[in-house]
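Colleague: Below are the features listed in Swiss-Prot for this protein:
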- 21, 126, 127, 166, 167, 168, 169, 177, 207, 208, 209: dUMP binding site (BINDING)
- 51, 169, 263: (6R)-5,10-methylene-5,6,7,8-tetrahydrofolate binding site (BINDING)
- 146: active site, nucleophile (ACT_SITE)
């Protein structure tokens, strides 16, 4: 995945050193875009090993509408532990906004179900959008959404997705985000009778934390390897019926893991 290495190199060479909420410090740029053709392989970073199990379970958790980390803990996923309260709750984060956005009249809007219906009935619509950024509830969220809005686009039987990510932790977060939204695009394409197209990843504040700079430089010394292939169970036609066992990654041969600390 040369696109990801190019992003890291660009930030190292052209980024601005800035303070941040966590007190760690970052090197960042504003505005950057990557594009991945999903027909060319599943975009899972190969220059270090990524924990696909966490990516899949987190996505299924988002799609379920859940905002408590209990499901994640039961499946050995700890990526949200630092932000949960003593009961495991995170407030009205991604799952709530995706599946139960509160309307002023008291209704709750299931953005994902509406999206699927619109793709099937009006694939040329320019309104195939899901937003997790709800200004009225941001202060109640344990962590305001970093990947805040995504849009789908249908052309020639192919489904493409563009994500706008307001805040992008390049070393730890972005590899997860690329794989997660690529997988979501494949899942939505399957249940809508389409082929996966491109995943376009647009970043706002794209940053390397100051305690990730050496790890990034190490990763840049490694050559990308061929992308793996992601196989979905073709029998699944309901987006909300996917389970962990419906996914099979083939041909993933990454370089060794590179350890780095999460900035909380």
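Here the Cβ of each residue, glycine as well, is placed from N, Cα and C on the backbone.
Since we're looking at a predicted model, the values are computed, not measured.
How about a rundown of where these features are and what they're close to?
Modeller: For residue 209 (dUMP binding site), other Cβ atoms within 10 Å of its Cβ number 23.
Contacts of residue 263 ((6R)-5,10-methylene-5,6,7,8-tetrahydrofolate binding site) defined by a Cβ separation under 8 A and a same-chain sequence distance of 6+ are given as 20, 22, 24, 169, 209, 211, in order along the sequence.
Sequence-distant neighbours of residue 146 (active site, nucleophile) (same chain, 6+ apart, CB under 8 A from its CB) are 165, 166, 167, 168, 169, 173, 177.
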Colleague: Let me know the DSSP-derived helix, strand or coil state of residue 209 (dUMP binding site), please.
Modeller: strand
Colleague: Cβ neighbours within 10 Å, counted over all protein chains: which one of the binding-site residues 21, 51, 127, 207 has the most?
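Modeller: Max Cβ neighbours within 10 Å, all protein chains included: 207.
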Colleague: Hey, which of the binding-site residues 167, 169 is the loneliest by Cβ count within 10 Å?
Modeller: 167
Colleague: In terms of DSSP three-state secondary structure, what is the assignment for residue 167 (dUMP binding site)?
Modeller: strand
